[in-house]
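Asker: Would you mind keeping the following structure in view while I ask a few things?
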Amino acid sequence: MALWEQCVNQLKAELTSAEFNTWILPLQARVEGSLLRLLAPNRFVLDWTRTHYSERLRELSQRYSQGRISEIQFEIGGFERRASDRALEGQMRGGEADLAARRAAANLNADFCFETFVEGKSNQLARAASIQIARNPGATYNPLFIYGGVGLGKTHLMHAVGNLILASQPQARVIYLHSERFVAEMIKALQHNRIKEFKKTYRSVNALLIDDVQFFAGKERSQEEFFHTFNALLESRQQIVLSSDRFPREVPGVEERLRSRFGWGLTVAIDPPDLETSVAILHSKASLLKVNLPEDVAFFIASHIRSNIRELEGALRRLVANAHFTGRPITLDFTKQALRDVLVAQDRQVSIENIQRTVAEYYKLRPSDLLSAKRSRVLARPRQIAMALAKELTRHSLPEIGQAFGGRDHTTVLHATRKIKSLRDTDPGIAEDYHNLLRLLTL
Ligand SMILES: Nc1ncnc2c1ncn2[C@@H]1O[C@H](COP(=O)(O)OP(=O)(O)OP(=O)(O)O)[C@@H](O)[C@H]1O
């Protein structure tokens, strides 16, 4: 077997299919004496492969050439593709080639799938609904509207829907787009007199996934266009999935007829994860990075970064990079050291005072009302909500929180957190207020 083919076979066994398809398959190789030239199609692939795989490629090429290859060189470019390259690629990818191309055309990221999405109480309903519509697009809930705070997994779920539809329906056409990109594409189409094609493209898909629809705010022409696309797709029973940082009715700057349509199908929320889910997500991300994360470290990070999974992931990456550079093992002490700045920023972000101010503003009260001894209902409920938020978002103990709320007893705080927890399950108004406040505090 040729040298490069052997290297590729070996890497296919070692890497995930996403890594392999993205980084190794696009490379072409030529041997010139003791030099192995690797040609990457663009700078992105070149930089990444050089940083991450050159060591391994050097070892493998030396091994399979019996020591003949002593140097590897990365360049941008591509030779005329030879029949042998195409055969190799075909053999490697099989049906995946087609899927990868359709995925790329749909703007979907293969890593965001249901397998890598960790289920927890905070996202259970959103995940279940997404799986359901991915299995029966257009047939059940339409549109599916996913809302929740920043970095909680909305985009991940939308991609997972698209990926599952593509994988299970070889003929399906899917498009994922951020709403800003929809606007930009429309403007481009208008400028180039291609609006007809634009309409046709979006109205002929089997699933249209539009992320962060709040960015349609104030863009009337785009809203108009999207409105018609929306109607056309719904009429022909094609699936629409939308996401936003807020409830459909509350998306500002969007005309009423569109806003009301957002809520026609099923609306599901994603909340910030509970501690257990955060720990599970960290373990899952660590295993994707091929890192063994000690339990106490996972727990430490999760309990300090409560509100946003993107930040959780960012902290993990930073920790792993730090351990990598310094060659030190990931222990609890090392983690505290490595994440010092991140944790300070987090603590600064959500203080009890901040929570009191935000809750008071939200209910049009004064912060001092929340601290006062007055027990009227208009004050008591917001006060309990603020206490529950303080418990969820800060690391303060119950007595400390009680102290910060006008010197109340810790049992009062405990009662408040339990009360709000049960009201969130039974009273949609409270559930929505709580969700909005969480979002305001963790943006
Ligand atoms: N349940 C989960 N399991 C695993 N990873 C998750 C989960 N939820 C979120 N993530 C990860 O967190 C990161 C942020 O998620 P995502 O981009 O989907 O957030 P978002 O809600 O769309 O945020 P934004 O409002 O900024 O668009 C992603 O890397 C995603 O993979």
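Every residue, even glycine, has its Cβ placed from backbone N, Cα and C.
All annotation found in TrEMBL is predicted automatically rather than curated by experts.
So TrEMBL lists the following for this protein:
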REGION    1-98  region 'Domain I, interacts with DnaA modulators'
REGION    107-323  region 'Domain III, AAA+ region'
DOMAIN    140-331  domain 'AAA+ ATPase'
BINDING   Gly151, Gly153, Lys154, Thr155  ATP binding site
REGION    324-443  region 'Domain IV, binds dsDNA'
DOMAIN    351-420  domain 'Chromosomal replication initiator DnaA C-terminal'
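Tell me about the setting of these features in this model.
Answerer: Summed and averaged per residue, pLDDT over the region 'Domain III, AAA+ region' (107-323) gives 92.
A 10 Å cutoff on Cβ-Cβ distances gives Lys154 (ATP binding site) a total of 26 other Cβ atoms nearby, all chains included.
Helix, strand and coil counts under DSSP for the domain 'Chromosomal replication initiator DnaA C-terminal' (351-420) come to 51 helix, 0 strand, 19 coil.
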Asker: Can you tell me the three-state DSSP label for Gly153 (ATP binding site)?
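Answerer: For Gly153 (ATP binding site) - judged by DSSP and reduced to three states - the answer is coil.
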Asker: Using a Cβ-Cβ cut-off under 8 angstroms and a sequence gap of six or more, which residues of the chain neighbour Thr155 (ATP binding site)?
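Answerer: Sequence-distant Cβ neighbours: Phe112, Asp211, Ser243.
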Asker: Looking at the binding-site residues Gly151, Gly153, which sits with the largest number of other Cβ atoms within 10 Å of its Cβ?
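Answerer: When each Cβ's neighbours within 10 Å are tallied, Gly153 leads.
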Asker: Other than Gly151, Gly153, Lys154, Thr155, which residues of the same chain sit close to ATP? List them in sequence order, counting a residue when its Cβ is within 8 Å of the Cβ centroid of the site.
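Answerer: Those within range, site residues removed, are Gly148, Val150, Leu152, His156, Leu157, Ser243, Ile270, Ile309, Arg310.
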